[in-house]
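Below: the structure, in structure tokens.
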Amino acid sequence: MATEKSKILVIGGTGYIGKFLVEASAKAGHSTFALVREATLSDPVKGKTVQSFKDLGVTILHGDLNDHESLVKAIKQVDVVISTVGSMQILDQTKIISAIKEAGNVKRFLPSEFGVDVDRTSAVEPAKSAFAGKIQIRRTIEAEGIPYTYAVTGCFGGYYLPTLVQFEPGLTSPPRDKVTILGDGNAKAVINKEEDIAAYTIKAVDDPRTLNKILYIKPSNNTLSMNEIVTLWEKKIGKSLEKTHLPEEQLLKSIQESPIPINVVLSINHAVFVNGDTNISIEPSFGVEASELYPDVKYTSVDEYLSYFA
């Protein structure tokens, strides 16, 4: 007899990566719940997202991180809690942790991670402080004895591949004439399509192999340097791009001189594409790799992703 699939609550489900996780959960056959603030329903864009959730059979629960009672009530209905709250709310996840402790029924908590392994990064400010909040949440989860999985996903394909990592507002497709490469362009980065990140993450929620572990989503075809990504694109369009290298010293200077949120983005880009912070070895005592655990998931390679734009 097949094991019954867990009931999943997504907090922050109308956000960027949250939408993909809600959809993946519902499509994988989990009873899926999304905690939504009343104010979200009046937002025309997010209101449409909520309706799309309902069309998938998702149960919409009304609540708020600042309403402890609503959190506990929502959490008591599920087995797994996935948080996808944004960067400004990372530390507010202590409220989710408190509600999980009071509810007493949660088998797994996945806090808002979905990026680098924050315990193993050499990021400069302001990314360093942003990651520090996630580290604090990890330590709180562990201290409270809450069962967890940390989803370390590398970069979102939708953030980086349509622009070839170019920081140009308004750019919606890869450049066909010139490109700026960060540093020497040789540091390898992990980049995954959002739907694949969600599929792997949902697979992990009921898997004992991922309990109290870090789930690294690092399929072999999706770990490439910026130089390699540019070369793939050049082959697809049949021409060479004019390349300009931005030295690390200049990037660090730009980070210091840029306003929020540009400095945050640039410091993350420095961590990923100059330091190579997403391309780390996996320590088996606390980490597992998603594509090895779930070879049945047909992921989109970076090469295939770029073909959408060629």
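Positions of Cβ are set from backbone N, Cα and C atoms, glycine also.
Record features (Swiss-Prot):
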ACT_SITE  Lys134  active site, proton acceptor
BINDING   Gly12, Gly13, Thr14, Gly15, Tyr16, Ile17, Gly18, Arg37, Lys46, Arg138  NADP(+) binding site
Neighbour tally for Gly12 (NADP(+) binding site), based on other Cβ positions within 10 Å of its Cβ:
24
In the structure shown, which of the recorded positions Lys46, Lys134 has the fewest Cβ neighbours within 10 Å?
Lys46
Any idea which of the binding-site residues Thr14, Tyr16, Gly18 has the thinnest Cβ neighbourhood at 10 Å?
Tyr16
Where does Thr14 (NADP(+) binding site) sit by DSSP, helix, strand or coil?
coil
What whole-number distance in angstrom separates the two most remote CA atoms of the NADP(+)-binding residues Gly12, Gly13, Thr14, Gly15, Tyr16, Ile17, Gly18, Arg37, Lys46, Arg138?
29
